[in-house]
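Inspection log for the structure reproduced underneath, given as structure tokens.
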Amino acid sequence: MQAYRIGRKLPGPWVAHAQPPIRGGVFRRTEVTVSPPSPLDGNCSDVDGEDCEDDEALLRAEESSAEEPCSSSSSDTDDSLTEDSTGVSDVLSECSALPTPPSAAWSSGVQTADDTFVGTGSRSTPIALPPFLTASGVHSVNRRSLGSAQLSQFARKTRKQAQAQAKADPINDTNTVDAVAFSTVDDFADRSNQHEVERDSLTYPSVDPARQQAIIQRYRAMHQRIHDAGWYDCPYGDYAKEMARYTTLFVLFLATLHLGWYVTSAVFLGLFWHQIMFTAHDAGHRAITHNFVIDTLIGLFIADFCCGLSIGWWKSSHNVHHLVTNQAEHDPDIQNVPLFATSPLFFKSLRSSYYDFTFVWDAVADVMVPFQKYTYYPIMGIARFNLYLLSWLHVLSAKSSALGRSTAWWIRPAEMAAMSAYWFLFGYCLLWRTLPDWTTRVVFVLVSHIITMPLHVQITLSHWGMSTSDLGETESFPQRQLRTTMDVDCPAWLDFIHGGLQFQAVHHLFPRVPRHNLRKVQALVREFCDDTGIPYAILNFVDGNRRVLGRLQEMSDQVNMMVQCQKHMAATGESGLH
């Protein structure tokens, strides 16, 4: 069960009724429904330095965990997922007396579930599939996803109409906040999340256990085909090309530094960091040699010594991200409040099972999140500085010191030594001893770090525009990964720029497959999606960015709506907020 540790193990030994804190839902048989994660077919990454040696044991553990009751780690309960959905229509119109926008508001190419509605109340919502997804597995690569943008447009239009009506008739005004459909922020967040659950339930195959078991069997068959084709074997010739690229960039950095071209030198150093971290990612997944010690040493050298980032921190958070992708309570990759909110569940001060910390929704979030669409790229430009902090917090934490009680005890001191060496070389030898003045030092640091911004955009691109809903315990692992992850379409000659992150959905299905083989595996994944009816999300880089920005705008509009409703309730004395 150690492969299922979510941040930290629950106190005491695992018992029959215990299960990692993965929030589950209640299965309701409908024409098309959905639910949460399942197995990592023999491709589990190491968790805190521990090895997943037995593929069959992992599969058996996953099957047994699906039979255990799920314990909620948040204020959400199973009852909240099955409560009466009267008035749940569109989340963005919760406070509005206006009707839900029709599915026709989305652009051509949107598929709707004919005459299919979800909900137990009298007002149920027709659900439209996002344009870049098709239930049949046919993939639209270059079509812009307009679902989130259209929802945002509708919300803005709703507010403008309400404001105009308020000015025209302030006494009889029945604007957005007058039709308050929720009593607390938690209620607003739950209704918003429920809307996404209903939408996903119509977009993806039913979470009926029999249907999901069939998907798992096809997934295992695909894994066997990949194994038989030898695609788990690392193509070391491709890594020789990678090493030539890394060496070239580093030599150019040193040469331009020697010539006194400091800004140019900073650019080459940033490009070196950007490119070489792809190999650290591979090593973290044991996708290079498949040997824990060797791949850990490779990751230590690249991440800790060359880049100043803890490979141990990365593995600790990234393995959890792979297990519970896009689950707001558990996935540390989307827990960025108060700067960003990609799930409505963050509106209610969610507790992170990974950090064992409550992300409080406060006044700062009220100010920052409505503008997150505009702060996204600037913050990505300086995100590397936050990784330095997280790396040192990890190696100094109890979570890292716990390795001292295992055979991986040597990782922590090795990381501290490697990161200290990085700061001696970069901070003292380069910045302090080599660069002539403070202006040059500041410019060098900013340029070299901002150059790595595309890496942070690539990391978030595949998930931040996708679903964050939890559809229940019976959803299979492959379906959940494909529902929460998007691939980026690009020509093969650009693969080196993306470093394998453009095949993120494929990678999430098979994290131990070396990235140079992911393009081959992608063909099997497309076939798998066609056979199972799971939509395969893929957009080009530009449209993928639009998708993420649309999701950020959708959350911003919901925050604006929520704040407006809170102010109204406080002013009128509703819900005792005056």
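Backbone N, Cα and C atoms are what each Cβ position is placed from, and that goes for glycine too.
Annotation source TrEMBL lists region 'Disordered' at 12-109.
The compositional bias 'Acidic residues' annotation in TrEMBL covers 47-56.
As annotated by TrEMBL, transmembrane segment applies to 249-272 (among others).
Note on the domain 'Fatty acid desaturase' (261-537): mean pLDDT across this stretch is 94. As annotated by TrEMBL, domain 'Fatty acid desaturase' applies to 261-537.
For 292-314 (among others), the entry in TrEMBL reads transmembrane segment.
As annotated by TrEMBL, transmembrane segment applies to 376-395 (among others).
Sequence annotations record features per position, and here TrEMBL assigns transmembrane segment to 416-435 (among others).
The feature transmembrane segment is assigned by TrEMBL to 441-461 (among others).
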For the transmembrane segment (292-314), the distant same-chain contacts (Cβ-Cβ under 8 Å, at least six residues beyond its ends) come to 46, 48-49, 51, 273, 276-277, 279-281, 283-284, 286, 387-388, 390-395, 400, 403, 408, 411-412, 414-415, 418-419, 421-423, 426
Counting only residues at least 6 beyond its ends, the same-chain positions whose CB falls under 8 A of a CB in the transmembrane segment (249-272) are 430, 434-435, 440, 443-445, 447-452
